[in-house]
Every structure is written in C-alpha cells, then in structure tokens.
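Asks: Handing you a structure now.
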Amino acid sequence: MAEKKQWHETLHDQFGQYFAVDNVLYHEKTDHQDLIIFENAAFGRVMALDGVVQTTERDEFIYHEMMTHVPLLAHGHAKHVLIIGGGDGAMLREVTRHKNVESITMVEIDAGIVSFCRQYLPNHNAGSYDDPRFKLVIDDGVNFVNQTSQTFDVIISDCTDPIGPGESLFTSAFYEGCKRCLNPGGIFVAQNGVCFLQQEEAIDSYRKLSHYFSDVGFYQAAIPTYYGGIMTFAWATDNDALRHLSTEIIQARFLASGLKCRYYNPAIHTAAFALPQYLQDALASQPS
C-alpha cells in the first residue's frame, strides 16, 4: 500500500502537527500566500493558509458557535452584527440562527474568498450567504470600522493570526475603530490564539483593548485543530455586567432563542470565562 502524503503545519518552529492528505482539492502558491484545501479522513476538508490550519469541517462548529453565541446571548437583544473576515461563511451561518438579528454585515478584504469557499467549503456556509439580512462589503477591516456610518451591537473579528494580512486586525487603530462603531453596551470579540503558546498575543490585545473599553477579558474553548491547549477569545465591552451574567439568565435566553448547538450550552458559556491561573497572573501584572 502506498504511503499517504502528509501536510505539516509550520506555525511553530520546535513542534507541530501533521495531517494525512487523502485528496488535494485546491493548491495555489504565489509570492503572497500559500493556500491549500485537502481532504482528510478524520477531519474532512481542511483549509490551510501559509502553513497554518484555518478551519476543518470536523471541528469548525466549536470555534464558530463560541464566537457567535457567547456575545449574542450575553448581549441579549443584538439587532445589528458586524463580522470582520469570516469569508468561509461559518460565522455568518451561526449568526443567522439568531432570528432577532436584523442585519449582518460581513467585511472581507478578498472578493474571491466568498465564491472560493462556496465551492470548496459549502458545509461551512450552509446557504447563509443567501440570507436577506446579510450584506457583504469588500474592504479592509481597519478602514471599514474607522470610516463607516453604521453602528453595531456585536462585532466579531474572525481574524487570522497576527502575521501577514491579519496583523492589522490586532492593532490599536482597529480596536479604536471597533469602539467607534459599537452601540452603547455593545460587545467586541476576536480570536486570540492558543494562549499557552501565544500568551504575548493575548497580553498585547489586553493592553490595547483596555485603552478603549472598561471591561476587557477572555473566554476559552477546546478546539482540537488548534493544538497546544485551549483557544482564547478576546472580549471587550463597556457594560461590565455582561461578562458575569448568571447561568440562569443565559439559560433563559438560550431556550427562548430556539438554538440547537453541538458544543455551546449555557453551562459552557459561564465556564468559558474561568481562566487558568497563569493567564490571570499575566493579566493582573499589566499596568492599569
């Protein structure tokens, strides 16, 4: 039996993970990026950019449920949602499940990524691009939040790691723009990497966000594809109460929403804000 081809992730120099490649569906390598989508028997379709896994069919639901339902149910009455990035459509898919949301704006810098993901990752968007509440804006995320006249109740930054094109979505200019177009009491969330291996990224986000929001913290979820520990999500708002809502309040909102999830539930929501001591200590050591 012929040995299967392997794809190795290159995010870290000293260690990593690999996937067996059953079938390469797409591979484009240019001076600017290396994009590949392949099939793996354990994880389904896998998309990687510049040597780093971005999403897989098998476990994407964990990431996307936690990035949408945590802020939306904590807010309680969000009407207008902004997604920065998210061209694969899975974040949009989860937001559309909230029937009280009236408008969903997605800002994607690459016009081709939506059609590309429609073709190669159809299970991610599950038809959500056709939702009448959805509007796609082709623009740089930093430019959009600093120029738009729209305001939002929840902003979800579905950014890549802070290298290359994704670096601008971890800057003070971006965070300031997000604060500018958030409605009072609005919530901003963003992926912040695997904290055990990328702690400096979390601390940097904490410092910068604290200049613009009165309540800044993190919540976490275990996502197998993002190896090295627990995935960390930044949380920022000026409504200090929203991070500390009781499980009973979240439970009532969850039941009223009619959501049926595979990972998220009200107990997970509450528990996600319990941070490991090493991260608590690192955040506590930052100047106020």
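For all residues, glycine too, the Cβ spot is worked out from N, Cα and C.
Straight out of Swiss-Prot:
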type: ACT_SITE; residues: ASP158; note: active site, proton acceptor
type: BINDING; residues: GLN33, GLU108, ASP140, GLY141, PRO165; note: S-methyl-5'-thioadenosine binding site
type: BINDING; residues: HIS64, ASP88, ASP158, CYS159, THR160, ASP161; note: spermidine binding site
type: DOMAIN; residues: 9-238; note: domain 'PABS'
Asks: For GLN33 (S-methyl-5'-thioadenosine binding site), what is the secondary structure by DSSP, using just helix, strand and coil?
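Replies: Reduced to three states, the DSSP call for GLN33 (S-methyl-5'-thioadenosine binding site) is coil.
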Asks: Whole-number answer please: how many Å between the C-alpha atoms of HIS64 (spermidine binding site) and GLN33 (S-methyl-5'-thioadenosine binding site)?
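Replies: About 24 Å separates the two Cα atoms.
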Asks: Over the domain 'PABS' (9-238), what is the model's average pLDDT?
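Replies: Result for the domain 'PABS' (9-238): average pLDDT 92.
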Asks: Rank the recorded positions ASP88, GLU108, ASP140, ASP158 by the number of other Cβ atoms within 10 Å of each Cβ, and give the residue at the low end.
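Replies: Output over recorded positions ASP88, GLU108, ASP140, ASP158: least Cβ neighbours within 10 Å is ASP140.
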Asks: Whole-number answer please: how many Å between the C-alpha atoms of ASP88 (spermidine binding site) and ASP140 (S-methyl-5'-thioadenosine binding site)?
Replies: 17
Asks: When DSSP is mapped onto helix/strand/coil, what comes out for HIS64 (spermidine binding site)?
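Replies: DSSP assigns HIS64 (spermidine binding site) to helix.
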Asks: Work out how many Å separate GLU108 (S-methyl-5'-thioadenosine binding site) and the residue listed as 'active site, proton acceptor' at their Cα atoms, rounded off.
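Replies: If we compare the Cα positions of GLU108 (S-methyl-5'-thioadenosine binding site) and the residue listed as 'active site, proton acceptor', the gap is 10 Å.
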Asks: Whole-number Å only: compute the distance from the Cα of GLN33 (S-methyl-5'-thioadenosine binding site) to the Cα of CYS159 (spermidine binding site).
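Replies: Spelling it out, the Cα of GLN33 (S-methyl-5'-thioadenosine binding site) and the Cα of CYS159 (spermidine binding site) are 16 Å apart.
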